[in-house]
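Colleague: Dropping the structure in here first, questions after.
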Amino acid sequence: MNQVMTIFLVLGVIVYSVESSSTPDGTWVKCRHDCFTKYKSCQMSDSCHDEQSCHQCHVKHTDCVNTGCP
């Protein structure tokens, strides 16, 4: 059981290291934060008044993260 946990821990560290080296953490975190801030503003605005219109806020947030964040 200990060997299995060690293997998963090592794999997790490797994946984290690869992710960290491929994208600067500060930029990625700031980008995600900016997208989420826009999402919250969209939900609080008058354009979010029913399920379908509020869903557009989610769509815009997803697009922001997928296309704008490295």
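The backbone N, Cα and C atoms fix where each Cβ goes, glycine too.
Checked Swiss-Prot, it gives:
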DISULFID  Cys31-Cys69  disulfide bond
DISULFID  Cys35-Cys64  disulfide bond
DISULFID  Cys42-Cys57  disulfide bond
DISULFID  Cys48-Cys54  disulfide bond
SIGNAL    1-20  signal peptide
Colleague: Which ones are near Cys42 (disulfide bond): of the disulfide-bonded residues Cys31, Cys48, Cys64, Cys69, which have a Cα within 10 Å?
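Modeller: Cα filter at 10 Å returns Cys48.
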Colleague: Just jot down the residues in the same chain as Cys69 (disulfide bond), at least 6 apart in sequence, with C-beta under 8 A of its C-beta; none if empty.
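Modeller: Non-local contacts for Cys69 (disulfide bond): Trp28, Cys31, Arg32, Cys35.
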Colleague: Quick one, of the disulfide-bonded residues Cys42, Cys48, Cys54, which Cβ has the fewest other Cβ within 10 Å?
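Modeller: Result for the disulfide-bonded residues Cys42, Cys48, Cys54: minimum number of other Cβ atoms within 10 Å at Cys54.
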Colleague: Return the member of Cys48, Cys54, Cys57 nearest to Cys64 (disulfide bond) in space, with distance defined Cα to Cα and candidates limited to these disulfide-bonded residues.
Modeller: Cys57
